[in-house]
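Engineer: Got a structure for you, questions after.
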Amino acid sequence: QNQSKREQPKHFVPSPPPQKFNFDSTTPAAQPSPTAMAAISVLNVAEKPSVAKSVAGILSRNQFRTREGRSRYNKIFEFNYSINGQQCHMLMTSVTGHLMELDFDDRFRKWHSCDPTDLYTAPVRKFVPEDKKDIKRSLEEEARRCQWLVLWLDCDREGENIAFEVMEVCRAANSRLTVRRARFSSLIEREIHQSVQNLVAPNQWFSDAVDARQEIDLRIGASFTRFQTMLLRDKFVINYAQDERNLILSYGPCQFPTLGFIVERYWEIQSHEPEEFWTINCTHNSDEGIATFNWTRGHLFDYISVVTLYEMCVEEPTATVTKVQKQERLKHPPFPLSTVELGKRASRYFRMSSEQTMKVAEDLYQSGFISYPRTETDSFSSGTDLRAIVQEQAGHPSWGSYAQRLLDPEAELWRNPGNGGHDDKAHPPIHPTKYSSGESGWSQDHHKVYEFVVRHFLACVSRPAVGAETTVEIDIAGELFCASGRMILAKNYLDVYRFESWGNSMLPTYDQGQQFIPTTLTLDSGITRPPPLLSEADLLGCMDKAGIGTDATMHDHIKKLLDRFYVTKDANTRFSPTNLGEALVMGYDEMGYELWKPNLRSMMEYDMKEVSVGHKSKADVLATSLQQMKACFIDVSCFHLVMFFGDQLLSRFKQFTYSL
C-alpha cells in the first residue's frame, strides 16, 4: 500500500476530487442504514492536544471522560455522539504536528558517507522519529478497537499530509478502518457540529504536493548545505563561535531566495550615488490660511536650467489661477484578512515579528477566538453570515458602538466586503469567532492581535471614507505649480480602523482667473536618497509576490536566516545581510548562478500547486525539479568553480569570523 503511494504511473491520470460521504446511500459501497447499526467506535485525531480538547468539549458539551494515552501530552477524551443518525463512541486524541520525518537511508545520512551529488538519487524514507513513538503506539492501540478513523487535522496542505501520516500508522494496525475527514476553519460550536455531520474523503493531491516539497527541499538543501559547509571548513580555518548553529552553512530552496531579496536591496543601497537636484517652491498666505504650491516639473538635475526658469518667475511673479478642480475622493477599507496581510500589518503597526504574530494567532485560534490563521483567501463566500459575526461584537466596550451602527440600516454604514482575488478553497479570511473583552491569561501581543483581527473585520464590511478634494493649479511666467487640499466628509470605516489615517488639509478658496503675488518663491536643492532597507512587511510582500514559501512557512524562512546569522534585524524591523550572508549570495552570483533569485523556487511552488489540484503528478514534478537542480549542483561543485568560489569568499569570511 505504501509502495503504491510512492510510485506514480508513467501517464498520470488525475483521480477525482474528494467527495462528501452520504451515509444513507443505497449504493454497494455505502454503509447500511444507520438505524440498523449498533454503536461503533470512532477514533478522532486532531493536530494538537488543545484542538482535540476543544473539539471534544464542543461535541460532548463538556461531558467527556479523560484518560491517559501512551504519550503524556496527548490525552484521550471519550464521549458518545451521533453522526448522521449513527450512534458513535468517540475517542478523541491528537498528534503534535507531523508524525513522521523524511530522511535519507542511514548509509547516506552522515556527511562524509557519499558525494553530495548522490543525494539527488539516494533512497529516502518516511518514518516516525523516536520522540513521536509514544504517540504512534497510542494511535495503534486505539485504532485496533475502532471501526472508523475521523481526521481533524488542520485543513491546509500541511494538515492533509499529516492526516495521511496518521492514516498510515492507524491502517497498519487495523486495515479495516473506514477513514473520514472533518473540514473546519474555526473552533466554534456551529462549525464543528456541521463538519462532523458532513465528513469527506482525505485529499491525496494536497498530501502529494507536500510530499513533493519535502523531498525536493531535503535533496536540494542537504546537497548544497554539505557542499557549502565542507568546502569552507576544509579550505579555510574558521574560528566559529561556540554556538553550535554556526557550524552549519545551510542552503534552503526558499531560504536562499529570501536572503537574496535582502542582499539585493542592500547592494542597491550600497551602489547608490547621491545626486543633487533643484526645484522651485511657492507659498501664498491669505486670510484663510497658507497654500503651498509644488512645481509640476518636480525637480531637475541641471542647475543652469532651473536657475533660468527661476529667474523668469522672479521677474514676472504674478500667479494666475488656471484651474480649480473639486471632486469627491474615496479611501477604501482593506480587503478581508489573509495570513500574509496579517503578518505585514502586524509588523507595520506593532513591530511584531511574523513568527510571533503567527504564534499568537495560533493561540487565539486554538482558544476559539479567531478563525484558522493560515489562509490565502481574502474574500468571503456568499453564504457567510457576516452580520452574525458583527452582532457578536456589539457589546464590546471599545468597538461595540461601531458594530451596532453597522447593523443599523438607518446609519447606512454597511457595505459587503471587497474581493481581494485570492481563494485557497480551504479556509475563509481570518475573522473573529468569539467575543472577548480581554482574557486574563493573554499577553499584550494577544490583545493586540485579537483587537486588530476584530477591527479589520469590522472595517472590511464598512463603507469607504469620503473626502472632498480640491486641486488648484497656477501659472507663473509659464511655469505651472499645483496645490491640493482635502476635507473629510465621512470617516466611515476609519472610525473603527484606528491603524490608518486620512488627515484634513484645508486649502484657501481660489477662483479660476484669480491673480496674486506669491508670498515666497524659492529655489531649493536636495539630494537623491537610496531606498530603505527591507522591513519585515516589505520582505513578506516580496516573498508573496514571487511565490516563495507558503502563508504557513514564510515566517519560518525569515527566522532561519536570523538563526544562521545570514541577516540581522534592527529595532525598526529592517534587515541587513551579514558578511556571511552577503558572501554566500555573491559567490553564487559571481559564478553566474542565480540561485538566490526567486525564479527557480517560484516555478517549483507553481508545480506543487498544480499537484495539489490534480493537474500534475508528484512523480513528474520531482523528476523535473531534481533533474534541473542536480545539473546545476554538478556545475557548481566542479573543481575550478570551487576554487573561484573560495577566492571570492575568503576575505568576507575572515571579516565575519573576526566579528564573531
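Heads up, the Cβ atoms here are built off N, Cα and C, so glycines get one too.
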Engineer: Can you dig out which of the ranges 1-32, 353-384 TrEMBL describes as region 'Disordered'?
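Structural biologist: Per TrEMBL, the stretch marked region 'Disordered' is 1-32.
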Engineer: So how many of the residues in the domain 'Toprim' (41-185) end up helix, strand or coil by DSSP?
Structural biologist: 56 helix, 43 strand, 46 coil
Engineer: Return the average pLDDT for the domain 'Toprim' (41-185) as a whole number.
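Structural biologist: On average, pLDDT over the domain 'Toprim' (41-185) sits at 95.
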